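Q: Have a look at this one.
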Amino acid sequence: MTLKKILIVSGTHGNEINPVWAINQFNKQFKTIDKNIEYKFVIGNPLAYERGCRYIDNDLNRSFTSIQDNSIYETNRANFLVEKFGFNGSEPCDVAIDLHTTTANMGTSIVMYGRRMKDFCLAALLQHKFGLPIYLHEKDLKQTGFLVEAWPCGLVLEIGSVAQNFYDPKIINRFLIIISSLRDEINKLKNNQIRLPKDLFVHVHQGSIDYPRDKNGNINALIHPERINQDWKPIKKDAPLFMDMEGKTKTYADEDTIWPVFIGEVAYKEKNIAMSFTKKEVVSVSDQMYEEFFS
């Protein structure tokens, strides 16, 4: 991959408005042209963004699959994005960066899907520069079709917490800091001005849990007060997870320590997810990652 163009996608979810603002602000403030790497910008789901909703028919960030239904707006939109900006598209891009916000207290983080060498290289570069935690989402058959998987290399930049359809200048500034320096960091790496770290620290997806529900499928317990806003912090056996209306607590029962992410993400209620569990892993950064990224 001779890296020439990076696709920056905002508004993949229409009610995540801070990334769109950040890109508009970037284009006004940062007019320096990089001769080596060009940014291409696109709003992923413009109709949902216009209406202020997450999606029209289906989640766009689950729509990059082989299943084709032209009656679904997001399927058509996914096809358009790949046909225009995909590796074999009319305006091909080598890398896709998908910008998202979350109502969960995730801070500024990276989401990876699978273990592609190119993705590891880019994630290592960003973690080394900004100290970002990485959520490696893999082996979840219930959740597939993510946007960045349609490109040879791609990551999600996830920032929170912020409410849906609410502008937060602090969140916007975090996007600006990373996007404004990304090309410089890639160029420095290519020119041997900086080196990748020896290790990459990731939180590997283990599964997700739903809210407790009654026999009719209604939620009958909420996330425990001690668990709210505690993303990335370890949960050990007997730690509280949920509390019902009578004040009874449901605890974590397993022996293995886990680290939760996306605790109480509002958009995930419809997916029956109250939080996801991860385990820590150290990935050795190899020369192969670097070589594949720039090949």
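We count from 1, first residue shown onward.
Backbone N, Cα and C atoms are what each Cβ position is placed from, and that goes for glycine too.
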Q: If Swiss-Prot gives HIS13, GLU16 as binding Zn(2+), which of HIS100, HIS128 does it give for that site as well?
A: HIS100
Q: Starting from the Cβ centroid of HIS13, GLU16, HIS100, the recorded Zn(2+) site, name every other residue in that chain with its Cβ within 8 Å, sequence order please.
A: GLY11, THR12, ASN15, PRO19, ARG54, ASN61, LEU99, THR101, THR102
Q: How big is the gap, in Å, between the Cα of ARG54 (substrate binding site) and that of HIS100 (Zn(2+) binding site), rounded to a whole number?
A: 11
Q: Around GLU158 (substrate binding site), how many other C-beta atoms are within 10 angstroms of its C-beta?
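A: Result for GLU158 (substrate binding site): 23 neighbouring Cβ atoms inside 10 Å.
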Q: Identify all same-chain residues not among ARG54, ASN61, ARG62, GLU158, TYR268 whose C-beta atom falls within 8 angstroms of the centroid of the substrate site's C-beta atoms; report them in sequence order.
A: THR12, HIS13, ASP59, HIS100, ALA267
Q: Using the alpha carbons only, what distance in Å do you get between HIS13 (Zn(2+) binding site) and ASN61 (substrate binding site) once rounded?
A: 8
Q: Cα distance, ARG62 (substrate binding site) to GLU16 (Zn(2+) binding site), nearest Å?
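A: Approximately 16 Å lies between the Cα of GLU16 (Zn(2+) binding site) and that of ARG62 (substrate binding site).
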